[in-house]
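J.: Please read through the structure below; I'll follow up with questions.
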């Protein structure tokens with residue numbers, strides 16, 4: 001079980017996505033998942049080992065690291081990727097439910113089980129709203145946990161057992177900051193894509209509904 | 001999940017590329033991605049552990065390493081390869097959109113649609129003309145821009161392409177100017193020069209492909225203008241013959257490249 005599972009999930013989701021949704025899948029795949037795996041993971045690999053405090057007191061480094069990094073950037077990033085990809089499963093389940101229903105009744109109930117209309121449209125819209133919500137939640141979490149998206153070179157720590165205020169140095173802060181900004185930029189791009197898709201779908205189906213009603217009235 | 005997934009995505013684009021485009025893709029996967037994964041990652045693997053400064057002052061090594069390597073070579077290359085591969089997706093999306101339109105026409109029962117079944121539409125190879133030509137040319141242009149930007153960023157960040165053995169650092173908390181030694185500087189220099197050389201080759205291939213597409217475009221235009229004047233019906237036969245020849249050439253190239261890359 002590894003990131004290959006998420007890759008297969010996203011490929012499956014791509015089948016039932018429309019227009020902007022497919023661009024969203026491509027952005028998540030290439031600019032978030034691939035960048036995470038080939039670049040970001042290695043930067044944070046030895047973050048604890050390379051975190052150095054100007055003191056020999058046993059336990060001080062551990063305690064300070066834990067205080068400044070309650071959840072590592074990279075773990076939060078991985079969680080974000082997984083959570084943000086999951087709402088699309090709602091659409092996949094709904095399509096599977098439709099196909100099962102058709103099989104059960106042994107007749108064609110829908111124009112095509114994968115067509116985004118009726119109940120499936122509601123599910124698709126809900127999944128978009130959930131994706132956006134989760135992206136925003138994680139961005140806010142990142143901002144609150146680490147006081148912005150900057151990674152300082154030096155942090156001052158005075159938690160027991162450190163005998164007084166000691167200087168602790170974070171490894172590769174500039175590189176980490178560059179990739180954090182990259183993460184934020186791609187998250188924002190994904191939020192914009194989801195918002196555009198939501199607006200487009202609502203607009204399209206409102207016009208469709210309105211036209212249907214208008215034609216009925218004329219008749 | 002790794003570079004193989006990118007290979008799968010771009011492999012689909014390969015079918016609709018020109019011969020030079022296919023060579024570019026092969027160079028990208030064999031001389032850049034593969035070298036990055038099997039060799040460069042090993043060379044840069046221990047870069048911070050073996051970066052040693054002549055001081056026992058805690059924090060000095062971290063700070064000096066961060067000062068001289070704001071972003072590691074290996075990560076910059078990975079980002080460069082991702083950005084350079086992405087414009088090809090524009091072509092893939094355009095092709096997918098065209099296929100979707102043809103399938104819609106086929107389902108509607110449009111008599112203009114020349115396909116017998118959906119499978120034929122799925123397997124069809126689109127020629128690079130019309131709006132697809134513009135998409136394809138824009139993607140090559142974007143690739144060129146990204147390559148140039150990353151090469152410049154590399155040159156600017158590391159003051160050239162050489163990896164020095166020794167760096168002098170006096171950032172706080174280092175007590176004074178200390179000597180810091182980089183691990184495997186010669187091997188890193190060799191790989192850096194290799195990657196820069198292959199980037200340059202890719203830039204040349206992209207420029208050649210761009211020139212080829214532009215030449216083809218202008219030739220086709222002048223031919224159409226000439227033919228419309230003299231032989232209103234003749235141009236179709238000539239074009240069909242040329243198309244068949246182009247197809248044969250590109251198919252034989254494709255087979256060579258697929259055989260090579262697999």
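Every residue gets a Cβ built from N, Cα and C, even glycine.
Annotations per TrEMBL:
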type	residues	note
TRANSMEM	A:21-39	transmembrane segment
DOMAIN	A:42-75	domain 'Connexin N-terminal'
TRANSMEM	A:77-97	transmembrane segment
TRANSMEM	A:118-143	transmembrane segment
DOMAIN	A:134-201	domain 'Connexin cysteine-rich'
TRANSMEM	A:178-203	transmembrane segment
J.: If I count Cβ-Cβ pairs under 8 A between the transmembrane segment (A:77-97) and each of A:21-39, A:118-143, A:178-203, which range comes out on top?
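T.: Selected stretch: A:118-143, with the most Cβ pairs under 8 Å.
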J.: Take the domain 'Connexin cysteine-rich' (A:134-201) and average the pLDDT across it for me.
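T.: Here the mean pLDDT over the domain 'Connexin cysteine-rich' (A:134-201) amounts to 92.
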J.: As a quick check of your reading of DSSP, tell me how many residues in the domain 'Connexin N-terminal' (A:42-75) are helical, how many are strand and how many are coil.
T.: 18 helix, 2 strand, 14 coil
